[in-house]
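Participant: Take a look at the following structure, please.
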Amino acid sequence: MSATDLASVQAAAPQGSRQILVTSALPYANGQIHIGHLVEYIQTDIWVRTLRMHGHEVYYIGADDTHGTPIMLRAEMEGLTPKQLIDRVWAEHKRDFDSFGVSFDNFYSTDSDENRVLSEKIYVALKENGLIAEREIEQAYDPVKEMFLPDRFIKGECPKCHAKDQYGDSCEVCGSTYLPTDLLNPYSVVSGATPVRKTSTHHFFRLSDPRCESFLRDWVSGLAQPEATNKMREWLGDAGEAKLADWDISRDAPYFGFEIPGAPGKYFYVWLDAPVGYYASFKNLCERKGINFDAWVRPGATAEQYHFIGKDILYFHTLFWPAMLEFSGHRTPTNVFAHGFLTVDGAKMSKSRGTFITAQSYIDTGLNPEWLRYYFAAKLNATMEDIDLNLDDFQARVNSDLVGKYVNIASRAAGFLIKRFDGRVQDSAMNHPLVAKLRSAIDSIAAHYEAREYSRALRQTMELADEVNAYVDGAKPWELAKDPANAVALHETCSVSLEAFRLLSLALKPVMPRVAQAVEAFFGIAPLAWADAAKPLSSAQPINAYQHLMTRVDAKQIDALLAANRGSLQADGAAAAAASGATGAAAAKDAKPAKANAKAAAANAANDGPISIDDFAKIDLRIAKIVACQAVEGSDKLLQLTLDVGEEKTRNVFSGIKSAYQPEQLVGKLTVMVANLAPRKMKFGLSEGMVLAASAADEKAEPGLYILEPHSGAKPGMRVK
């Protein structure tokens with residue numbers, strides 16, 4: 001359905017009659033959700049909530065993306081089956097999405113019967129349409145692990161600049177691209193063995209077929225984002241250029257995924273069954289809710305279908321996915337909305353700086369998830385522009401907009417209304433010009449949200465909040481309250497303020513649903529919808545006692561968040577990097593389009609292989625005696641240790657073991673420290689080493705930290721060999 005066709009359908013349809021299926025990209029099930037992921041899920045959730053508030057039938061669908069070589073290797077490293085790993089990660093992802101108010105109607109898994117059946121059905125239909133081809137290809141093969149290696153699981157010496165430890169397809173030092181066969185001294189990231197060349201039969205989706213090209217040239221005209229349209233036209237090229245390449249949709253055993261029908265030992269490549277997972281998750285919901293699944297996904301369906309994705313996976317969602325659907329007997333997406341990447345303080349997220357922030361660490365630090373929802377929304381628009389989380393600006397904007405402007409309105413008026421007027425508004429005040437102005441602005445704000453221009457919606461909302469605060473400042477209810485003769489004016493001022501606050505809460509509801517829920521309870525009203533702009537507060541319904549809605553962001557919370565994430569992602573960082581070399585929304589797979597997001601994490605992969613005795617000898621491990629220990633003010637995780645390591649003076653070390661030990665428990669104990677670690681300047685002081693502690697790979701399932709204690713007889717300063 002083109003954009004023009006969609007507009008005519010929407011114009012002809014009465015409000016509330018639209019049927020809309022919405023998806024976000026599927027997070028890969030080998031790592032934690034971080035704030036970079038959350039940009040997309042918050043963006044999608046705001047849009048979904050906006051549509052629901054219009055009364056439309058909207059289903060927001062998600063799932064974990066669970067197949068592929070990285071999952072298989074990660075599970076092996078952790079001593080788990082792939083199923084055990086993906087079940088654990090699913091629970092963690094679901095927890096994080098719930099924490100941030102991401103309102104999936106169904107959050108499922110691509111490792112499901114529904115997905116297997118649908119993937120097989122689509123494959124068979126494509127094959128019957130002559131769009132599946134088989135070809136012999138030569139690949140790198142690990143003779144130790146007995147598996148074919150994707151490009152990024154091979155490293156070696158760049159053939160151009162001779163930089164060491166470069167990937168099988170490109171050099172991060174000189175920027176050259178090449179074939180894996182061009183690498184000098186190649187080795188397998190998985191085992192360290194030298195790869196050999198081996199041929200195998202692979203299955204290809206014939207995207208180069210003229211039918212696919214013709215369809216895609218027509219379909220691209222309906223995309224809402226000019227950047228997406230331009231990129232697709234670049235990929236398609238001019239008519240007759242034949243720029244589209246066939247797509248390898250199979251992988252060889254061993255592989256965690258679905259076996260291809262009629263092809264023993266061959267499995268669907270993860271990028272084939274992953275988008276089918278959208279439909280599988282929706283089908284699972286339909287079966288539970290009694291919804292007619294086929295009516296939503298058949299060709300010509302009047303229901304709308306939208307995909308929110310990161311711009312790094314536009315290729316899959318605007319070429320392969322629509323073509324797969326078109327030629328397998330399904331409807332095609334109404335539109336695909338791509339967003340940019342997230343930077344923090346103007347730079348890529350960094351573990352060393354603590355800006356690679358996980359969703360769980362944000363919650364554990366005590367930060368309000370609706371602060372982040374608001375901040376992201378204030379930056380987001382309908383383009384693919386990258387957005388930046390500036391932590392100073394985050395604190396200033398939340399404190400100014402949400403506390404200083406918005407929440408302040410209710411806190412200034414509620415007490416007077418309850419104390420002086422039994423909590424009942426003045427009905428005549430509901431027609432005040434200021435109230436009328438806010439009421440008339442709601443349609444415009446809602447339209448900005450639906451157009452994905454969230455920054456415009458919030459800018460307009462905060463401009464109105466400024467006007468309300470100016471009105472309160474001018475009316476001075478605190479002065480009016482001093483003289484009983486001003487009772488009518490005081491009543492009007494408080495009533496206008498609270499009705500304005502209700503309308504501002506309506507405008508903010510898609511962004512801050514939990515605050516809106518608290519406001520609804522405060523006013524004793526039903527859940528707010530856009531149509532409720534015309535339904536003012538009434539004297540017939542007294543307000544309830546005002547409960548504080550939001551606190552200010554404290555700089556100490558930001559510092560604690562950075563400290564918690566500095567050098568973290570322990571299990572999911574090290575293991576996932578070794579297993580996949582990738583993080584990012586639905587992009588951590590053995591696929592080149594994921595490479596941009598994968599490089600930073602993948603660079604750690606080589607460090608997890610075997611090391612030589614010379615490498616180990618570089619680490620100076622010493623026996624240390626804890627002569628003093630104290631908690632670190634302002635930190636939930638750190639203890640400050642004073643250590644005797646047999647030198648003339650003691651060492652000062654900060655250690656993240658506060659959750660496991662009281663300071664007095666450690667004084668006098670012997671432990672082991674890394675004595676030659678470079679001193680590190682921290683907010684709380686200089687840390688001059690590292691104390692060793694043990695923990696389970698899955699600290700959620702098996703919590704606990706245990707410092708190492710040598711046998712009696714060991715003395716401070718002794719070297720551990």
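Cβ atoms are placed via backbone N, Cα and C, with glycine included.
Pulled these from Swiss-Prot:
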- Cys158, Cys161, Cys171, Cys174: Zn(2+) binding site (BINDING)
- Lys351: ATP binding site (BINDING)
- 615-721: domain 'tRNA-binding' (DOMAIN)
- 27-37: motif ''HIGH' region' (MOTIF)
- 348-352: motif ''KMSKS' region' (MOTIF)
Participant: Using the Cβ center of Cys158, Cys161, Cys171, Cys174 as the Zn(2+) site position, which other residues in that chain lie within 8 Å, going by their Cβ?
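Facilitator: Counting only non-site residues, the set is Pro159, Lys160, His162, Ala163, Gln166, Glu172, Val173, Gly175, Ser176.
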Participant: Which chain-mates of Cys171 (Zn(2+) binding site) that are at least 6 residues away have a CB under 8 A from its CB, listed by sequence?
Facilitator: Cys158, Lys160, Cys161, Ala163, Thr177, Tyr178
Participant: Please report how many Å separate the Cα atom of the residue listed as 'ATP binding site' from that of Cys174 (Zn(2+) binding site), as a whole number.
Facilitator: 24
Participant: Across all chains shown, how many C-beta atoms besides its own are within 10 angstroms of the C-beta of Lys351 (ATP binding site)?
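Facilitator: Looking across every protein chain shown, the total is 17.
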Participant: Quick check on the binding-site residues Cys158, Cys161, Cys174: which one has the highest count of other Cβ atoms within 10 Å of its Cβ?
Facilitator: Cys158
Participant: Could you tell me how many residues in the motif ''HIGH' region' (27-37) are helical, how many are strand and how many are coil under DSSP?
Facilitator: 3 helix, 2 strand, 6 coil
Participant: Over the span of the motif ''KMSKS' region' (348-352), count residues by DSSP class, listing helix, strand and coil in order.
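Facilitator: So the counts come to 0 helix, 0 strand, 5 coil.
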